[in-house]
Amino acid sequence: MYAVVPYLAFLSVTGSFLNLLVCVVLLKDMRRMRVQDIFLVSISTGDFLASSVAIPIALKAALSSSWPFGLSGCQVHAFLIYTLGLVSITNLAALALEKFLTIVKCLYSDEHFFTRLQAICVVAGLWVYCLLITIPPLFGWARYGLEPGNKTCSLRWDDDGPADDAYYGVMFGGYFILPLALMVFSYFRIFKIMHHVKAMNLQCILQLSHNKRALLRKHIQSAVFFLLLIAGYLMAWTPYTIATLSMVSGAKVSDNGLMIPSLFAKTSFVLNPILYTLVSKRFRRRMAATLPCSRRNGVEQE
């Protein structure tokens, strides 16, 4: 496992820089900030904290022969990883629902379903929701502890008391099943609307003005883009979810069988800004206007 150190170092440096960049670009001009940008800032804030605080803790442990931060440090590390990972998936789920509701509202209005103030309140509520799910192990309902390899900390999935099993149910339901169900529902409805828009066989769509149809297609394209972020998150976390579910169900999971998915799950903190930069032309334009080197090159070309 000699690759663990450079892998974690890459995640920490790249994730910290890219997520901070996303926050700076989106927050630079508050007047241009859209509802979806508020959710993206929330996701990037969580990913930045994970990359700049939680992952360096694991990196330091990987460089040491044993866990160097004691039980309290282990608990804080696990708490941060779970909380900030949950921040990502809940905000992505809320963003999926907002896109669906906005597309429906677009049929009779040009506005987003949420105002910016309402979106900020939703984001604040999601952070509280995440804390309510991840705080209990700090106070004795289940517990955080070292994972195999002593490089990262996590829930002790091998504890099998009644209280532990109850918390695992809360964790799986709140961390994975509920957000996933919300995303599946939202995108099922979005793709259903998209099918009707392409076929132009709904009377309400046929009656829309050209501008209204263009706006509707724009919202649908945006929703498809955010589906890439969701797919990236699920790709990163699903192997770890399967491994932990196997442990809870009593199956034998090897040390590497848990450690490797755990390390791989942390790529989610880097994937979002990479995908966002690659796919969103609007973000790339705003980033070019923000970075000094980009502005300087633009002046030289003129």
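Cβ atoms here come from the backbone N, Cα and C positions, even for glycine.
For the domain 'G-protein coupled receptors family 1 profile' (18-276), the model gives a mean pLDDT of 85. The domain 'G-protein coupled receptors family 1 profile' annotation in TrEMBL covers 18-276.
Sequence-distant contacts of the transmembrane segment (6-27), counting only residues of its own chain at least 6 positions beyond either end whose CB sits under 8 Å from a CB of the stretch, comprise 33, 37, 40-41, 44-45, 47-48, 50-52, 55-56, 58-59, 62, 263, 266-267, 269-270, 272-274, 276-277, 283, 286-287, 290. What TrEMBL lists as transmembrane segment is 6-27 (among others).
Taken from TrEMBL, the feature transmembrane segment applies to 39-59 (among others).
Per TrEMBL, transmembrane segment is recorded for 79-97 (among others).
The transmembrane segment annotation in TrEMBL covers 117-139 (among others).
Sequence-distant neighbours of the transmembrane segment (166-188) (same chain, 6+ residues past either end, Cβ-Cβ under 8 Å): 82, 85-86, 89-90, 92-94, 96-97, 99-100, 129, 133, 136-137, 141-142, 155, 157, 223, 227, 230, 234, 237, 241, 245, 248. TrEMBL lists 166-188 (among others) with the feature transmembrane segment.
Residues or ranges marked as transmembrane segment by TrEMBL: 220-238 (among others).
Residues or ranges marked as transmembrane segment in TrEMBL: 258-279 (among others).
Here the transmembrane segment (79-97) has Cβ contacts under 8 Å with residues 36, 39-40, 42-43, 45-47, 49-50, 53-54, 57, 122-123, 126-127, 129-131, 133-135, 137-138, 144, 152-155, 174-176, 178-180, 182-183, 185-187, 190, 223, 226-227, 229-230, 233, 237, 265-266, 268-269, 272 of the same chain, all six or more residues outside its ends. Away from its own ends, the transmembrane segment (220-238) comes close to residues 36, 43, 85, 88-89, 92, 95-96, 99-100, 103, 176, 180, 183, 187, 190, 193-194, 197, 264-268, 271-272, 275-276, 279-280 of its chain (Cβ-Cβ under 8 Å, at least six residues beyond either end).
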